[in-house]
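Chemist: According to TrEMBL, the protein has these features:
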type	residues	note
ACT_SITE	ASP36	active site, proton acceptor
ACT_SITE	ASP176	active site, proton donor
BINDING	SER9, HIS67, GLY143, PHE144, GLY145, GLY146, ASP176, GLY177, GLY178, GLY198, SER199	substrate binding site
BINDING	HIS34, ASP36, HIS67, ASP176	divalent metal cation binding site
Amino acid sequence: MGSKLIAPSILAADFANLQRDIEMVNQSDADWFHIDVMDGHFVPNISYGMPVIKAIKKHAKKPLDVHLMIEKPERYIEEFKKVGADIITVHYESTVHLHRTLSLIENVGCKAGVVLNLTTPVSVLEDILPKCYMVLLMSINPGFGGQKFESMTYSRIKKLRKMINDQNLDTLIEIDGGVNDKNAKQLVDAGSDVLVAGSYIFQSSDQLQTIKNLKALIS
Ligand SMILES: O=C(CO)[C@H](O)[C@H](O)COP(=O)(O)O
């Protein structure tokens, strides 16, 4: 895998100025939009759904990376594709027939990925890895932005990177939660490819510069 990617998490954007924040990401060195969908069941928070993603898609000039924190995500794959998802990731913990759910995502024309909660062993992915465009490792308990990064993530990345290399795959590793300038380089050195950052970017006074700095740190 060549260059490392930054995906600003729209969860931390200013929803009353969403178009402005989307344009900022368009103009920035960031690579994807990271979009968190929460249902109040799988995680104890509710974020936004299809109408908001459809509105984002109208202005976004970069791929939409849609992270589904919902129970039985297989019910909504077609609808997320329709409103503009390019990459769809589903939690290992949220869907009984993971292989079938990933096939559904592929069949609608999106790239498919699996997300693991903080303490779900990476070994559960051994057999499904060849079907994963990407694996997202949560580095916090999912549901809320602005939480503290959990350092167990580094060893989890290393284990997963070894599994990917051992199978000669080019599956991407994405990290989500508490990412900032203090851990970005170490995350990439451990073997990750895509960093999601919400609060660190959107709470900074110069968001374009913050993204530029983050990108420089991992290039
Ligand atoms: O998936 C998420 C929460 O479940 C968010 O993407 C994550 O919280 C990013 O936010 P921050 O960078 O503020 O930690």
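Cβ from N, Cα, C; glycine included.
Whatever TrEMBL says is automated annotation, not expert-curated.
Help me understand the surroundings of these features in the structure.
Modeler: Taking a C-beta cut-off of under 8 angstroms and a sequence separation of 6 or more, ASP36 (active site, proton acceptor) has the following same-chain neighbours: SER9, ILE10, LEU11, SER47, HIS67, MET69.
Every protein chain considered, the tally of other Cβ atoms within 10 Å of the Cβ of ASP176 (active site, proton donor) stands at 26.
The secondary structure of HIS34 (divalent metal cation binding site), as reduced to three states from DSSP, is extended strand.
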Chemist: Compare the C-alpha of HIS34 (divalent metal cation binding site) with the C-alpha of each of the recorded positions GLY143, GLY145, ASP176, SER199, and give the closest one.
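Modeler: Result: the closest of the recorded positions to HIS34 (divalent metal cation binding site) is ASP176.
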Chemist: Rounded to an integer, what is the Cα-Cα distance in Å between SER199 (substrate binding site) and ASP176 (active site, proton donor)?
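Modeler: Given the Cα positions, SER199 (substrate binding site) is 11 Å from ASP176 (active site, proton donor).
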Chemist: Hey, how far is ASP176 (active site, proton donor) from GLY143 (substrate binding site), Cα to Cα, in Å?
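Modeler: On Cα coordinates alone, these residues lie 11 Å apart.
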